[in-house]
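Working notes, beginning with the structure itself.
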Amino acid sequence: MSDLDDFKATYFDECSELLTELEEQFSAIEEGERDADRLNAVFRAIHSIKGGAGAFGFSALVGFAHAYETLLDYVRDGRVDLTDEVVNLCIRANDIVADHVNAAQTGEALPANYGAAEKTRFDAIARGDAVETDDDGGAPMDEFDIEFTPVRVDLEVFADGEAPVDDAFEVPPMTTMEAGQWEIRFTPHQALYARANDPLLLFRELAALGRMSVRPVLRAIPPISDFEPFGVYASWEISIVSPTVTEAAIREVFEFVEGDCDISIVDASLGGVNPPPEVLVEPVWEAPDEIASLLQLSDDEVAPAFTPEPAAVAVGAQDHFEEAPGLSFAALAEELKTLAPPKAPPAPVESAPVAAAPKAALPSSGDGDEHGARTAGVQSIRVDLDKVDRVVNMVGELVITQSMLTQQMDETLRARYTELVRGLEVLAQTTRGLQDSVMAIRAQPVKSVFSRMPRLVRELATKTGKKIKLETIGEATEIDKTVIEQLSDPLTHMIRNSADHGIETPEKRLAGGKSETGTIRLSAEQAGGNILIIVEDDGAGINRERVLKLARDKGIVAPELTPTDEQIDQLIFAPGFSTAEAVSDISGRGVGMDVVLSNIKKIGGSVHVRSWTGKGTRMTLRLPLTLAVLDVMLVKVGGGPYVVPLSSIVETMQCSRASFERVPSGGKVLQVRGEYVQVIDLAQRFEIGTEVAAADRFVVLCETEGSHKVALVVDDIIGQQQVVIKSLEENFERVEGIAGGTILGDGNVALIVDVQGLKTTPLHQSAA
Amino acid sequence: MEALSLRDDVSDKTALAGQNTLQLIAFSIGEQTYGVEITTVREIRAWNGATPLPNTREFVRGVINLRGTIVPIFDLRARFGDGQTSPTKNHVVVVMSVGDKWVGILVDAVSDILTVSKDDIHNVPEGNSIDTELLNGIVTHDSRMVGLIDLHAVVSGAKMDG
């Protein structure tokens, strides 16, 4: 039970990867890159989703995926042109597949005919095209035409040169067949056994479809002198009688061995079509003596190839052959065990020389493009994230210990123990390298989040009736996995916001002299120790008057305050704030944007909005590159240690050298190179007493979002170091002005100052 | 699968049978004794300072490092409104799990492990809301009153109002 659940979980994991891949491929296809590789990738993805779905019995998904796959197959073969219409249908189909997968995962039921319209479109497109190919019909079709005329059958398969013309029983897969008797001829290739498939299992599945009889065709067995231990000499003829079975159902049984065998499926009830040539059910095994002698031989000469066990069964099966020409299923099962070449030969004679060069042997086992592509997967492994996290944590602790050790080295020690110093230097380098490598394991391209957005934008465009184009830039930028996971919700909200409030209706856009289609640009870039994710639209921009009025009405901003434009823009992140005149089902309930802010803050990032009236809005997420280790400046406030992220520090200076100015509110501003910067005294803000004389204190000039500066006044500056960020919320709750905690070399906890949070607090506080 | 759930049932029952009694860790604040269920206690350690947290109420003494995790420390005396404890090395932090969080409670001393019957738990007399809010019940042990601390209530409301 739990095993199956495990498999399911893996399947859904894979599905989400495959769906991402689909999204990617189609966005490239949409741009015009319509090469075969992309189509093949799409086909493989859908096929894999379908295959897994079949194994778990998600029949709705299988049904839809199958129809979709059929269309793709036609496109791949060139029978259907990849027109824009088809591409759009495919993109829509991807969404439906995603919905099906989602429904299967959550156990929710989709409407019974969900996707039926698209399914009909697939068929229509496939058929429509089939008519065309019919016209320029190839030569082989004529002869089939004659044979098949009594029944209306789509013949598109035969238009393709690939169709196994030499096989008289081939029938197009798209046809819906009537009930009756089916004749199947199944000739496995060696590859089928090499991939550890067992015909017996296939027969069992077939047997579930209806009344079945199986006849082995053993004519191909050569005389013992030419007998290859691993050769494949058996084929089978199977007939199934069932009123309900369709060709598709039969094909499905063989789905996973396609390409590793020849199969022909013929509806015998159509009559006369298939006198299978020489259906003589003759288990021609005329030389039992030879077999017997072979068995005797086996001990010495062929020993490694034949284990005694199957040999014994072979003798048992032998009897069945002689007494029953029309073999029963059970007997066949026995027979199969012996006739099928040993699947994992214990010590195959042939492979002995190969064993010396195992690497060379590998490619030969995976022939065919699809399989070749899959073997590349061996290069990566799936590892439980917890395990990686444990390593990350330990490396973090190691980094701290290392920096603590380095700090212990004073000048006298340095002079006396040069070897120790050198050792510590090497240790420092190694830890740094180790840390980078571990972080690289966790890093993932933002593509995994970005790729979900095109669909969102499509849906939003449909719902709002606007024309919206999404551009993504810098998808390959890598961020820590935890950050990526936390990114999905905020991005969704931001894009919704842009689509709903930012982009105008086509009419308004045209009236405003813009192009009809609005653009949302989603980009990611690395900037120092941060990652910037920017959501930009070319819409109307933030209506500041209305935002301010609403904020005042809702009591978010006190009436006497006059916030700057920038502060007004930031108000859209205040809890309970929404400017949408009508609450739509997309956004407007005022719960979206404050979620963005809190999610981003939770991962140590910040959000900044800039808006240009009539031109658009830009929202910038600044995220830490990694969550685990942070370069910080250690400072002292009121006797306690605090750390300020180094990435936000511009410069530090002594208070006695800084020029403070007073402002009417009683606060101070700092003049730095002609710029006036808000001053925050940490001791005051954190309500901790300080005994340090004002002149001896220090100013830490920090840069926050959007290159706005803030000056923090602290008692002392201790130095730089690396720290591991620890959550306060894990055991406590969020504390205003504090981004988290960290453990110093002496084992004490130091708090991480939330610079951006400090800067924005006053507005909210005076409002409350 | 079935066998497994059966076994679960059995263990539940045996656990229930033994659960008519309650084991408490008793600790003192001044003259008063309080107790918490022993199963919630993770660790007892001597007071060794804490990093104060800004913008929190006075009963939040700060945070400590417990083997790499940051754990908040609550001053129980201050929580009861008797002013902050002036902790010495002899004061004790009782680390407990409350829900999925670990918290430490600063007390004067840990005095005893008590086994009491569940039937002997009295209700907290109505009257002062602080008592009923912070205590789950009262038991008598050796003719002393032991207040059962409601941990959830103790750790809530840590942020400054406004």
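Glycine residues also receive a Cβ, built from the backbone N, Cα and C atoms like all the rest.
As annotated by TrEMBL, domain 'HPt' applies to A:1-104. Across all of the domain 'HPt' (A:1-104), the predicted model scores a mean pLDDT of 81.
TrEMBL lists A:HIS47 with the feature phosphohistidine. Note on A:HIS47 (phosphohistidine): other Cβ atoms within 10 Å of its Cβ, all shown chains, come to 20.
Look at TrEMBL and you will find A:341-374 tagged as region 'Disordered'.
Marked as compositional bias 'Low complexity' by TrEMBL: A:349-364.
Positions annotated as domain 'Histidine kinase' by TrEMBL: A:376-627.
Per TrEMBL, domain 'CheW-like' is recorded for A:629-764.
Under the three-state DSSP scheme, A:HIS47 (phosphohistidine) falls in the helix class. DSSP states for the domain 'HPt' (A:1-104), grouped as helix (H, G, I), strand (E, B) and coil, give 90 helix, 0 strand, 14 coil.
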